[in-house]
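Data first, discussion second: the structure below is written as structure tokens.
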Amino acid sequence: MPTPIRTILLDIEGTVGSISFVKNVLFPLAKQQYAEYVHKHMDDASVRVFGNSLDEIVDKLNTLHDSGSKDQAFKALQGSIWKDAYENGKVVAHLFPDVVPLLKRAADKGVRVCIYSSGSVPAQKLYFHYSEYGDLSNYISEYYDTSIGPKVEADSYKRIVGSDDPATWLFLSDNVHELDAARQSGLKVGLAVRPGNEPVSSSGYSEYGSFDSLL
């Protein structure tokens, strides 16, 4: 008999939520706010790490932004900007309509749901707290970001799984390189095929255009 799934590990962008929401809403919102945020928080160590003057810091943030940097300090600052936007009702996080039913099925069956994203853990928590379907925080057991390791390295998944049997974990992502790394660590994996995702040809992985068949 196949090993039953006890934990589902989910990516966010392109897996539970649309790439367009992140790229066309969250990222532009952050970029528009860098200068104002830095001006308000110039004395914070989390801002000073990027430079000594307002112009220098904003230039650095824009460079990191344009390069798609996964730098932890940068992602944390972005998360702080998004926190203000979520709390003020400027944005609500997008989720595909099959995500909430999956979360509820998992809860009913005692299957844990965890998140692993390049966005900071605080930003991940905001995403599920301020979703378009309401606060879904109670459905998420753990959150992981790149402080545990890059998503394309097998050791990151070993650290996440810990002493668990990796065969009881299912990782879903739209990124084949992440799936490769997770599979090397013994996890079950599946490719999220969502509207707006880049086409993937011959990945060799089970493909999920919908999560309705899971659990």
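These residue numbers are counts, starting from 1, taken along the chain as shown.
Keep in mind that glycine also has a Cβ here, set from the backbone N, Cα and C atoms.
Record check: Swiss-Prot places SER117, SER118 at the substrate site, and the matching candidate among LYS83, LYS90, LYS151 is LYS151. The Mg(2+) site recorded in Swiss-Prot includes ASP11, GLU13, and the single candidate from ASP165, ASP174, ASP180 that the record places there is ASP174. Within the same chain, residues at least 6 positions away in sequence whose Cβ sits under 8 Å from that of ASP174 (Mg(2+) binding site) are ASP11, GLU13, GLY14, THR15, ILE19, LEU191, ALA192, VAL193, ARG194, ASN197, GLU198, VAL200. Excluding ASP11, GLU13, ASP174 themselves, the residues of that chain whose CB lies within 8 A of the CB mean position for the Mg(2+) site are, in sequence, ILE12, GLY14, THR15, VAL16, ILE19, SER117, SER173, ASN175, ALA192, ASN197. Non-local neighbourhood of SER117 (substrate binding site): ASP11, ILE12, GLU13, ALA123, GLN124, TYR143, TYR144, ASP145, each in the same chain, at least six residues away, with C-beta under 8 Å from its C-beta. The record gives SER117, SER118, LYS151 for substrate. Within 8 Å of the mean position of their Cβ atoms, the other Cβ atoms in that chain belong to ASP11, ILE12, LYS70, TYR116, GLY119, ASP145, THR146, GLU178. When the binding-site residues ASP11, GLU13 are compared by the number of other C-beta atoms lying within 10 angstroms of their own C-beta, ASP11 comes out lowest.
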